[in-house]
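Worksheet: one structure, shown below.
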Amino acid sequence: MVATNNVTEIIFVGFSQNWSEQRVISVMFLLMYTAVVLGNGLIVVTILASKVLTSPMYFFLSYLSFVEICYCSVMAPKLIFDSFIKRKVISLKGCLTQMFSLHFFGGTEAFLLMVMAYDRYVAICKPLHYMAIMNQRMCGLLVRIAWGGGLLHSVGQTFLIFQLPFCGPNIMDHYFCDVHPVLELACADTFFISLLIITNGGSISVVSFFVLMASYLIILHFLRSHNLEGQHKALSTCASHVTVVDLFFIPCSLVYIRPCVTLPADKIVAVFYTVVTPLLNPVIYSFRNAEVKNAMRRFIGGKVI
């Protein structure tokens, strides 16, 4: 099907039509986005420069932090810039590209979180075989699988939408291009595509969440036979990961597991998985991990790690 598009650009409603309020919101997003880039960037650089943070856990954490920067960068800079110039507009091609990129990095993050859960399972439940299983080749393969999974998810979410005609209206009640608000602008029957989106996005969010929770229940069951010191260290690492998982997957499930209808609350819910999770990632992982904190202090202090 060849799409006939009378719409060449899309206008975002955003959070508010009051420009004073919008400017305050844009300043808040600017501060949060700056913190996302600096915090996650510091984790990436610290791990790359460190001679101590060499375990697979930190290898995966560096990739997760890099993906968080990319994920947040898909929509935050444009939202901030548009708010200051008072023109919340994006081209149709730009909108579709933003939607594809958002789901690519979001899907990659979801798969990386599952990879990190598997890494913790092997480290805690099979410590004697950990380095043999999680060798350099396996770590590289798991990262490539995460990127590939994110790409397949994004293609599955957006390919059919790229074929739809858009003939008006062109006003989107959101602050970035996502599948639900984009489908509402299409001049065609989107029922079948909506089902595919629920199956793809919703199932990945829900299934991934329950698989991750199940893996941590297995770890908790295994830890009952460990001493208190070992339990505390393992639980501290797992608690950090579970917190990130909850902040990311619960809001995603609320948005993508239901029919493709945009609700006013979607904009607030979306803030959690597009900004809040990337913002809290460095706080959760660094503040609860003595090795990361010490490595950061040495790196910032200009010492050899």
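Cβ atoms are placed via backbone N, Cα and C, with glycine included.
Database features, via Swiss-Prot:
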- CYS95-CYS187: disulfide bond (DISULFID)
- ASN6: N-linked glycosylation site (CARBOHYD)
- ASN18: N-linked glycosylation site (CARBOHYD)
- 1-23: topological domain 'Extracellular' (TOPO_DOM)
- 48-55: topological domain 'Cytoplasmic' (TOPO_DOM)
- 78-98: topological domain 'Extracellular' (TOPO_DOM)
- 119-137: topological domain 'Cytoplasmic' (TOPO_DOM)
- 157-193: topological domain 'Extracellular' (TOPO_DOM)
- 218-233: topological domain 'Cytoplasmic' (TOPO_DOM)
- 257-267: topological domain 'Extracellular' (TOPO_DOM)
- 288-305: topological domain 'Cytoplasmic' (TOPO_DOM)
- 24-47: transmembrane segment (TRANSMEM)
- 56-77: transmembrane segment (TRANSMEM)
- 99-118: transmembrane segment (TRANSMEM)
- 138-156: transmembrane segment (TRANSMEM)
- 194-217: transmembrane segment (TRANSMEM)
- 234-256: transmembrane segment (TRANSMEM)
- 268-287: transmembrane segment (TRANSMEM)
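Overlay of Swiss-Prot feature records on the structure.
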| residue | record | CB count, 10 Å |
| --- | --- | --- |
| ASN6 | N-linked glycosylation site | 11 |
| ASN18 | N-linked glycosylation site | 10 |
| CYS95 | disulfide bond | 24 |
| CYS187 | disulfide bond | 16 |
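Under DSSP, ASN18 (N-linked glycosylation site) is assigned to coil, being neither helix nor strand in the three-state scheme. The CA atom of ASN6 (N-linked glycosylation site) is located 15 Å away from the CA atom of CYS95 (disulfide bond). The CA atom of CYS95 (disulfide bond) is located 23 Å away from the CA atom of ASN18 (N-linked glycosylation site). Using a cut-off of 8 Å between Cβ atoms, the transmembrane segment (268-287) and the transmembrane segment (24-47) share at least three residue pairs, counting only pairs 6 or more apart in sequence. Across 24-47, 99-118, 138-156, the stretch most heavily in contact with the transmembrane segment (194-217), judged by Cβ pairs under 8 Å, is 99-118.
Sequence-remote contacts of a segment are chain residues at least 6 beyond its ends whose Cβ falls under 8 Å from one of its Cβ atoms, and for the topological domain 'Extracellular' (157-193) they are 1, 3-7, 9-15, 74-75, 78-79, 88, 90, 92, 95-96, 98-100, 102-103, 200-201, 255-256, 260-262, 264, 266-267, 270, 274. Across the topological domain 'Cytoplasmic' (119-137), the DSSP tally of helix, strand and coil residues reads 16 helix, 0 strand, 3 coil. Residues of the same chain lying 6 or more positions beyond the ends of the transmembrane segment (99-118) and with a Cβ under 8 Å from any Cβ of it are 57, 60-61, 63-64, 67-68, 70-71, 74-75, 142-143, 145-147, 149-154, 157-158, 161, 176-179, 182, 201, 204-205, 208, 211-212, 215-216, 241, 244-245, 248-249, 252, 273-274. Cα of ASN18 (N-linked glycosylation site) to Cα of CYS187 (disulfide bond): a span of 30 Å.
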